[in-house]
Amino acid sequence: MQAIKCVVVGDGAVGKTCLLISYTTNAFPGEYIPTVFDNYSANVMVDSKPVNLGLWDTAGQEDYDRLRPLSYPQTDVFLICFSLVSPASYENVRAKWFPEVRHHCPSTPIILVGTKLDLRDDKDTIEKLKEKKLAPITYPQGLALAKEIDSVKYLECSALTQRGLKTVFDEAIRAVLCPQPTRPQKRPCSIL
């Protein structure tokens, strides 16, 4: 069985841990708990192929900037996450996460993931953003950013409702099993 290492990065509180817990346990966790490296392992079938998917959670907070890259070696695919209702987390994909991932892993495939899809149409959330002269991130905006960072795919999901959730991980596996023809075969990430 092929083992795939998938590392999830993004700002603190965008829902990385909820994404992983909801996917692996089919249950949405309660309160927000900042993360320091939790690992999950799941045996899954994608396109009739059994895969052992190793899921590596990371801490988005700046306090962990020096520690986080220790989880990057031998990564097969990255999920760079931002919250669809946090324009700052969207901007940080460009400003922080993409440069960090590419610095350590120049050719590892990336999937861009917009989280908290259930809140994009939530009236209270929209109102709170409007008070700050902000708005939720739209699908075309996500697509444009994915193109800019040369992401394999752009996907949106909700860990709460599980909408689009399975697709995120299926596509992460496909990005490794069936690399895009325009890309040369990727070497796993390594830090020297």
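Backbone N, Cα and C define each Cβ position, glycine as well.
Since this is a predicted model, take the numbers as computed values, not measurements.
GLY10 (GTP binding site) is surrounded by 27 other CB atoms, counting those within 10 A of its CB over all protein chains shown. Here Swiss-Prot flags 10-17, 57-61, 115-118 as GTP binding site, drawing on similarity to another entry.
For 32-40, the entry in Swiss-Prot reads motif 'Effector region', with the evidence type sequence analysis.
Under a cutoff of 8 A between CB atoms, and with a sequence separation of 6+ in the same chain, LYS147 (N6-acetyllysine) has no neighbours. What Swiss-Prot lists as N6-acetyllysine is LYS147.
Cβ neighbours within 10 Å of CYS189 (cysteine methyl ester), excluding its own Cβ and spanning all shown chains: 21. CYS189 (cysteine methyl ester) falls outside any helix or strand according to DSSP and counts as coil. Among the features that Swiss-Prot reports, cysteine methyl ester is placed at CYS189.
According to Swiss-Prot, the S-geranylgeranyl cysteine annotation covers CYS189.
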Measure from the CA atom of CYS189 (cysteine methyl ester) to the CA atom of THR58 (GTP binding site) and give the result in Å, rounded to a whole number.
16
Integer Å distance between the CA atoms belonging to CYS189 (cysteine methyl ester) and ALA13 (GTP binding site):
26
For a quick check of understanding: among the binding-site residues THR58, GLN61, which residue's Cβ has the most other Cβ atoms within 10 Å?
THR58
